[in-house]
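> Dropping the structure in here first, questions after.
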């Protein structure tokens, strides 16, 4: 007992329990944290992590998160600062978290200032470190900046021998630190001069570290030599935004900062612009004001605007120039109205072997000399046009580009030579080191534009250039053209012309309409160095020389008009039903007939398509057993040449059939072509079919189907009245009627009108035939067969059930998916209890249990619990010891491991119509509202009415019935007695009746009962 007492005292000191104090008491078990806070258990303590604040509600605080924090209700935070409430004892307080650009207890002090010109602000940091400091303060500078200049120094701290700095080079951040032999550098590429705020910090001890605060990115350099150390002392002077002139060579940007700065911290101490002395603040001003210089029209939309913070610059696109790119270099017209032009420019300085020739060119002439460099009388470099593309000649070697440029539009041409490589427009290589003869452009050479003096021959280069040239440059030097004298100083470095001949300023067109080129009443319109004719309605062509027939829409509806050189023809399809047409050429065919073509569509196996004869000569083309049959007898033979096609054409589709022979050889074989491929030929040579010129031609005899273009010798046979060729005096076939007029257009028997396709199948018309496009699940000619989708066995691990047009897989346990081919991950439902680990298996799962639990789901304690010792069932439950321990069998109405939970039968809201549910043991009662009844108050009570007692009605009715029965019985008795008294006696009345009946015996048959009388 004494040992037990000692153990209890020890446990009480540190909130442990157990016989040996081996269990830590969970202070969170009683849920001490309120308002949705999270409890974290500790040793003899707990911590409550209060929930995040909800908008428009007070946040919670205190040890148990049960106190509404009111410190920010009437806070004094300014400039959009975030108020943070807190609780100190019983006192509510707040603090302000300032946004960028503000400082102070209430964020009321601005930290933003700007440099409007190059300069710097000197900040001297006091050296307050003592020898007792174990680790001195690491030198650091942190700031936010905003600028559009790519090359600036942000700060320079230290002196020429011992410093670290931050600057921008071409928009990239660059930090550098130097002390004696120690040199550290860090560079971060990016576009940091985009005019947006950037937050950075730099510190240095053993390493130089540059941190991008906004991106949470850190770059460092150093630590390469552990013997070298960057000392923190001697860095008291910090130059913000620039540097003294004597430190110029220690920077890469070599320019001071122009832009805005804020939130400047030096060694973690804020530097406020209000504390800067007036002498130091001559180049700065408070706040950050920025004019947006670069608008869409800042450079007249003809240049690139460069924002210089306090102003802007326009980098003009060629050929524009000026402060806002509003001016354009003049174009110069060469060879105007065929007056030969050229200009010569002496080269006054050397350009070396790497040169760039660039210019703007506009021309419609395919050939001509553009530029040539000469030394004395020798041309060593020439740019000229040939077949509309740029060619370059280096001495006698010529190479050409593949880009066509002489389409009358202004294009830029660039020829660049770099290390014996010659490129056209920077991408197309014309010469390489293997085929390039090098040269240098030297002072004293002459550059010629557009041509050469008359004594020199320009024929090898295509003659003189005709068109316009603009902004011609040799490297960056412009070949400056002018007339008579220079009216203004060139804006660019220039070579002036020494000779010019027939040059016109601006790009001037020839008067192309001077010779009245438009015919047939066309109106001539001048285009640049060209003309365009506005023609009357019935004429077209460059000079309105071509008659247009189809513009007046002369053909009947359903046909297509095609213009011919001397007229037009109307093309159409037509449907025939044994109605042949008759034609004659009447000698109008001017060339030999070496080809016959027919477009046809039919399902008939036999018939005659085209037939003609003249004496012994004849031609016949028809169908036999769905194939084409051709018979020919021409003038050079008496034998009939017959041949057939090896393909069938009676399939309801359109086919183009051609029969042709070589026009250059009088005697050659005839070839049969179907849809562009050879399908047959004559066995021997045969002559032309010139007898068509004087023959009667029959079309579509005994033929049912459609015909399209039918041509003999290229001459069209019109199928329908109104399609006759008009206006033509050339070869034509004239119709002379026929059996009956065919129908315009191609149409077959409407077989789909009878709806032959069943089960929602779609009938597809195939010209005198049809097919059924069946709905899913149906097959057969008329979609009459139900397809069994289960035949293919689509269910991998399951049973297939055939449905209409689809199937359904009933998957085996452990599988899922449309085809039962996906293994179910039973572990997703976390079946293992008490922290057991679940491992998915095929069709099931396995639980790996912790030491204190067993069972398929780790649901049973181990060692097994025993009845009455470990488990006591409540509410009348019966405890039974099993294989895996004690188990409670609960009475109806109770559940739970110990039957401790009374089932709430009212939870499912069984009572209807607003009734109140009262939970009872293993059942419930409904307290109904007035007007409802039933176990669940589901019935409506009928209103109570006054009823007459049924006995009051029933008894009188029964008495009345009995009385009627007695009366009826008495009547029956009296009738019987009367009848019995009349039998066996004479009665005159009876005799009269009987006598009368006997007299009528020959007409009426006496009833049997009266015969006895």
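For all residues, glycine too, the Cβ spot is worked out from N, Cα and C.
Take a look at what TrEMBL says about it:
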type     : residues : note
DISULFID : 98-107   : disulfide bond
DISULFID : 316-325  : disulfide bond
DISULFID : 535-544  : disulfide bond
DISULFID : 774-783  : disulfide bond
DISULFID : 790-800  : disulfide bond
DISULFID : 811-820  : disulfide bond
DISULFID : 849-858  : disulfide bond
DISULFID : 890-899  : disulfide bond
DISULFID : 928-937  : disulfide bond
DOMAIN   : 24-66    : domain 'EGF-like'
DOMAIN   : 68-108   : domain 'EGF-like'
DOMAIN   : 112-288  : domain 'Laminin G'
DOMAIN   : 290-326  : domain 'EGF-like'
DOMAIN   : 332-507  : domain 'Laminin G'
DOMAIN   : 509-545  : domain 'EGF-like'
DOMAIN   : 573-746  : domain 'Laminin G'
DOMAIN   : 748-784  : domain 'EGF-like'
DOMAIN   : 786-821  : domain 'EGF-like'
DOMAIN   : 823-859  : domain 'EGF-like'
DOMAIN   : 863-900  : domain 'EGF-like'
DOMAIN   : 902-938  : domain 'EGF-like'
SIGNAL   : 1-21     : signal peptide
TRANSMEM : 950-974  : transmembrane segment
> List the Cα distance (Å, whole number) between residue 811 (disulfide bond) and residue 544 (disulfide bond).
79
> Could you put numbers on the helix, strand and coil content of the domain 'EGF-like' (68-108), residue by residue per DSSP?
0 helix, 17 strand, 24 coil
> For the domain 'EGF-like' (748-784), could you work out the same-chain residues 6 or more beyond its ends whose Cβ comes under 8 Å from its Cβ atoms?
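Residues 575, 601, 603, 652-653, 706, 803-806 contact the domain 'EGF-like' (748-784) from elsewhere in the chain.
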> Can you tell me the CA-to-CA distance separating residue 316 (disulfide bond) and residue 937 (disulfide bond), as a whole number of Å?
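Rounded to the nearest whole number, the Cα-Cα distance is 89 Å.
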> Counting only residues 6+ away from its ends, which parts of the chain sit with a Cβ under 8 Å from the domain 'EGF-like' (902-938)?
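Same-chain contacts beyond the flanks: 875, 891-895.
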> Can you tell me how many other Cβ atoms are located within 10 Å of the Cβ belonging to residue 811 (disulfide bond)?
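The answer is 19 other Cβ atoms.
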> About how far apart, in whole Å, are the alpha carbons (Cα) of residue 107 (disulfide bond) and residue 790 (disulfide bond)?
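Roughly 76 Å, rounded to the nearest whole number.
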> Can you tell which of the disulfide-bonded residues 774, 783, 858, 890 lies nearest to residue 937 (disulfide bond) in space, using Cα positions?
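Of the disulfide-bonded residues 774, 783, 858, 890, 890 has its Cα closest to that of residue 937 (disulfide bond).
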> Cα-Cα, whole number of Å: residue 783 (disulfide bond) versus residue 98 (disulfide bond)?
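Residue 98 (disulfide bond) has its Cα 78 Å from the Cα of residue 783 (disulfide bond).
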> Looking only at C-alpha atoms, tell me how far residue 800 (disulfide bond) is from residue 858 (disulfide bond), rounded to the nearest Å.
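Taking the Cα atoms only, residue 800 (disulfide bond) lies 36 Å from residue 858 (disulfide bond).
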> CB neighbours of residue 98 (disulfide bond) within 10 A?
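Result for residue 98 (disulfide bond): 21 other Cβ atoms within 10 Å.
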> Which residue counts does DSSP yield for the domain 'EGF-like' (902-938) in the helix, strand and coil classes, in that order?
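Going through the domain 'EGF-like' (902-938) residue by residue, I get 4 helix, 13 strand, 20 coil.
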> Hey, what's the Cβ neighbour count for residue 928 (disulfide bond) at 10 Å?
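21, counting other Cβ atoms within 10 Å of residue 928 (disulfide bond).
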> Could you check which of the disulfide-bonded residues 325, 544, 928 is the closest Cα neighbour of residue 858 (disulfide bond)?
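Given the candidates 325, 544, 928, the nearest one is 928.
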> Specify the nearest of the disulfide-bonded residues 98, 790, 928 to residue 325 (disulfide bond), where nearness means the distance between Cα atoms.
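For residue 325 (disulfide bond), the spatially nearest of the disulfide-bonded residues is 98.
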> For the C-alpha pair, I'd like the distance in angstrom between residue 928 (disulfide bond) and residue 890 (disulfide bond), rounded off.
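With the alpha carbons as reference points, the distance is 31 Å.
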